[in-house]
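The block underneath contains the structure these notes are about, expressed in structure tokens.
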2 protein chains.
Amino acid sequence: MTSIFQHLERAAAGDRVSLHSVLSALRFNADGLIPAIAQQHDTGEVLMMAWMNRESLSETLATGRVCYWSRSRGKLWRKGESSGQHQQLRSMALDCDGDTLLLAVDQTGPACHSGRRSCFYIALEQDEAHITSSPMIDPDTLYGGTDGQR
Amino acid sequence: MTSIFQHLERAAAGDRVSLHSVLSALRFNADGLIPAIAQQHDTGEVLMMAWMNRESLSETLATGRVCYWSRSRGKLWRKGESSGQHQQLRSMALDCDGDTLLLAVDQTGPACHSGRRSCFYIALEQDEAHITSSPMIDPDTLYGGTDGQR
């Protein structure tokens, strides 16, 4: 059977398809989750990767405010609900085989719970690792001392 | 117990740490894999997301040629080995909780098996989906008719 994603490989820029047909073919993992990469829309900086379930994806498309699924807390995670550091959705794209999302967002302040703009701050090289950025904000200020809340 | 990643949250830009201590704390999933996002180093375009195991990560750091783990083929996947569309590693970063990699790469031609520069070409909006780019190269040319080889 040819999947919708195999069909779309041959599509041209501007071709349209029903949202329902794409969403119903999404390839969630065994836990019902799909990885979502958040990229700052104007600078191109990759801020973080988190996970969405079907409900958080629908809510994000409907409201334009990014909502993930928190695996550690087992509930919807409206980004910024405790830190105030929201993500406004600018656009969303699905990849060729329907199992990864890329979100172009407008991030308020730091995306990372450590107080840094991006979560990707541990550089790995052939023979050492080093830290590439310092926190913009003390995480104790972000969360009022409730570590781990985002 | 405090993990190395909790410790590094408070580190400052430029702080160094042993590569071994970071690599040995990497949080692979139950299949022994970690997601790796590939971003074109100069334009910032997010090209694809794939998976690495410990061996493909070590090979990538050692050789500077990006090597993933192919889940569908169950073996190391040296990006471009059949298509010629290699990825040269420019730098690699790990995220705050040690479970996602971000690779800055120099991608030769299309990263996507469909012949497009990026795998993220299906835009999802509130009420429809549409295709945002056309193939740069016919995939039959890339793979000589052997679909699915990358």
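Here the Cβ of each residue, glycine as well, is placed from N, Cα and C on the backbone.
Keep in mind it's a predicted model, so treat the numbers as computed, not measured.
Record features, source TrEMBL:
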type: DOMAIN; residues: A:48-121; note: domain 'Phosphoribosyl-AMP cyclohydrolase'
type: BINDING; residues: A:D95, A:D97, A:D99; note: Mg(2+) binding site
type: BINDING; residues: A:C96, A:C112, A:C119; note: Zn(2+) binding site
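Note: the Cα of A:D97 (Mg(2+) binding site) and the Cα of A:C119 (Zn(2+) binding site) are spaced 26 Å from each other. Across the range of the domain 'Phosphoribosyl-AMP cyclohydrolase' (A:48-121), the DSSP-based residue counts are 10 helix, 32 strand, 32 coil. Ranking the binding-site residues A:C96, A:C112, A:C119 by C-beta neighbours within 10 Å puts A:C112 at the top. For A:D95 (Mg(2+) binding site), the same-chain residues that are 6 or more apart in sequence and have a Cβ closer than 8 Å to its Cβ are A:L101, A:L102. Counting only same-chain residues six or more apart in sequence, the Cβ atoms lying under 8 angstroms from the Cβ of A:D99 (Mg(2+) binding site) belong to A:L26, A:R27, A:F28, A:N29, A:I34, A:P35.
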